[in-house]
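Working notes, beginning with the structure itself.
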Amino acid sequence: MKYTSYFLALLLCVLLGFSGSYGQGQFFREIENLKEYFNASNPDVAKGGPLFSEILKNWKDESDKKIIQSQIVSFYFKLFENLKDNQIIQRSMDIIKQDMFQKFLNGSSEKLEDFKKLIQIPVDDLQTQRKAINELIKVMNDLSPKSNLRKRKRSQNLFRGRRAST
């Protein structure tokens, strides 16, 4: 747990960006509170390397980066959920969650609810597994780039048109 907490401050800064606003100062103070609570500045936390920083470096394209960031944000929401009964750090976690919510989900409460639903889905439940497999084709179709499909259809129509005119 200590190892994970060390990177909370570092990665939230990288993940969420920097800003000079008043609220951002409070955000950094709350991260410092969490670092202190988890003793995350202790040198032993660095053993084994960072959790997310090295992975984030590998994702350069902005749209690709969003994919990995969603997994990292999911991790932090799970971490905060596991610590929700800890009154000592509750305020800090609430402020950080709110900032994360604003930056990652653009303040959309509907997106937040959907995101929470997704991270709560138990992968070891047989009924859930069956439903997931049943929806797999639709999910894969949604993942396919629609613009390529349109381009392909357009080029097929052009090719057919040329063929008919010759």
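Each Cβ is built from the backbone N, Cα and C atoms, and glycine gets one as well.
If you look up Swiss-Prot, you'll see 1-23 marked as signal peptide. Under the heading pyrrolidone carboxylic acid, Swiss-Prot lists Gln24. The annotation N-linked glycosylation site is assigned in Swiss-Prot to Asn39, Asn106 on the grounds of sequence analysis.
For the recorded site, Asn106 (N-linked glycosylation site), the DSSP three-state label reads coil. Neighbour counts were taken as the number of other C-beta atoms within 10 angstroms of each residue's C-beta; across the recorded positions Gln24, Asn39, Asn106, the minimum falls on Asn106. Across the fold, the C-alpha of Asn39 (N-linked glycosylation site) and the C-alpha of Asn106 (N-linked glycosylation site) stand 31 Å from each other. Rounded to a whole value, the Cα-Cα separation of Asn106 (N-linked glycosylation site) and Gln24 (pyrrolidone carboxylic acid) is 16 Å. DSSP gives Gln24 (pyrrolidone carboxylic acid) a helix state.
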